[in-house]
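So that you can see what the record holds, here are the features copied from TrEMBL:
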type	residues	note
DOMAIN	218-407	domain 'Major facilitator superfamily (MFS) profile'
TRANSMEM	24-46	transmembrane segment
TRANSMEM	52-69	transmembrane segment
TRANSMEM	90-108	transmembrane segment
TRANSMEM	114-137	transmembrane segment
TRANSMEM	149-168	transmembrane segment
TRANSMEM	174-193	transmembrane segment
TRANSMEM	220-243	transmembrane segment
TRANSMEM	255-273	transmembrane segment
TRANSMEM	285-303	transmembrane segment
TRANSMEM	309-327	transmembrane segment
TRANSMEM	348-372	transmembrane segment
TRANSMEM	378-398	transmembrane segment
Amino acid sequence: MERYLCMQSSSSNSYNNTNYQRNFIIMLVILFLIEFARGMFVLSYLPILPTVSSVAVGLTSAAVSVHYISDAATNFVIGFLLKRFGAKPVLTLGFLMAFGSLFLVIWFPFNPYILFISAILLGIASSPIWVIMLSSVRDETRGKQMGHVYFAWLFGLLLGMIGMNLIMKVHPTSFAFLMSLMVLIAWILYYFVKIRLTNYNTRKVSQQLKQIGGVAKKNGVLFPGIILQGASISALVPILPIYATKVIKVSTVEYTVALIIGGLGCAISMLFLSKIIDNHGKSFMYLTIFIGFLLYTLGIFGLSLITNIYIVWGIALFIGLMYGFLLPAWNTFMASFIHKDEQEETWGVFNSIQGFGAMIGPIIGGMLYQFTGSVNNTFYFSAGVFIFLAIFYGLYFIKLRRRRISS
């Protein structure tokens, strides 16, 4: 009898694990498709539109900004909304908003109001997918799974951006329907996956706001890393094209190749190297984060000294490989602060803070170039931020180690 019960339990665990893996893979595909659509619209369609129409650059730039603002603002509360109303109604509304926003672009491709509204709605709609994805990752395989999550995100954005760049050369608006089609496929796939939250509750808004404050207070040591990483990386966005064309003196094609090389390096690292984190202890994770911050500093600082495109490609590959290994380690470190019953809320707050950093970064990077006339100052800022993070968290990790030894 005991043997039968043991076999039954083993069979049940095997089924649950298989079911979990199936759900996780489908959610990865959904995330990829949503990010593909975002890459098409936010990173390609909106930036290129002023070059093929009378739409002003200021308008499309503002639309891109409000997209990320709406995304960050939604992330701040989405975990609480998921707990209050459940995953199904929140995600269904999200898919409806994403599909509707991009469907409108088919019929009104140059309408400034539609472009603005679509950017906002798509930012709101993308939020719950990310939070559910992050909160569904298992602790024992977090490094490997987070590598897959970030791969789906990065590959989706890159393919969406590059694909739309090529498509718009054929015709600027004839293939706009592909953006909403990606969302529609993701929406259909959603009905083949079962999503479970850590728990459900219907607490009052005042209690939820109090909990947000509690989350922020408990995880304050993470905030410098979350905000400053986003600000440092995004600060490079406005000056990289200038660096490529005016300093390195290459075409946009060669600049795009550098981005692709860096993206592929990051993706390869996320897929194949991130699993190493799961097989080692906390000391290895801390060392990975510390060394990762230092190596990123060296890579970015190196760009300020180089004027050869082939060396730039090599540095891009190095930065991509290194950062693809750093991200899962950093995520695993963040996850160690999260209570198992507050995953959706906490990941939502973390994503919101990261989004704030990503919003201020381009402003800082652009202003540094605008007022100094040199892209190197933006590189120095980005490298300086990461050297600060290396020192800050290096000292924190030493403090943790001493505390663990003394106890």
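The backbone N, Cα and C atoms fix where each Cβ goes, and this holds for glycine too.
A contact links the transmembrane segment (348-372) to the transmembrane segment (52-69), because at least 3 Cβ pairs that are 6 or more residues apart lie under 8 A. The recorded stretches the transmembrane segment (52-69) and the transmembrane segment (90-108) do not share 3+ CB pairs below 8 A when only pairs 6 or more apart in sequence are counted, and are therefore not in contact. With a threshold of 8 Å between CB atoms, the same-chain residues lying at least 6 positions outside the transmembrane segment (90-108) that come near it are 34, 37, 41, 45, 78, 81-82, 114-115, 117-122, 124-129, 132, 176-177, 179-180, 183-184, 186-187, 190, 195. Distant neighbours of the transmembrane segment (149-168): 28-29, 31-41, 43-45, 48, 52, 133-134, 137, 175, 178-179, 182, 256, 259-260, 263, 266-267, 270-271, 324, 327-328; these residues of the same chain sit at least 6 beyond its ends, with a Cβ under 8 Å from one of its Cβ atoms. The average pLDDT computed for the domain 'Major facilitator superfamily (MFS) profile' (218-407) is 84.
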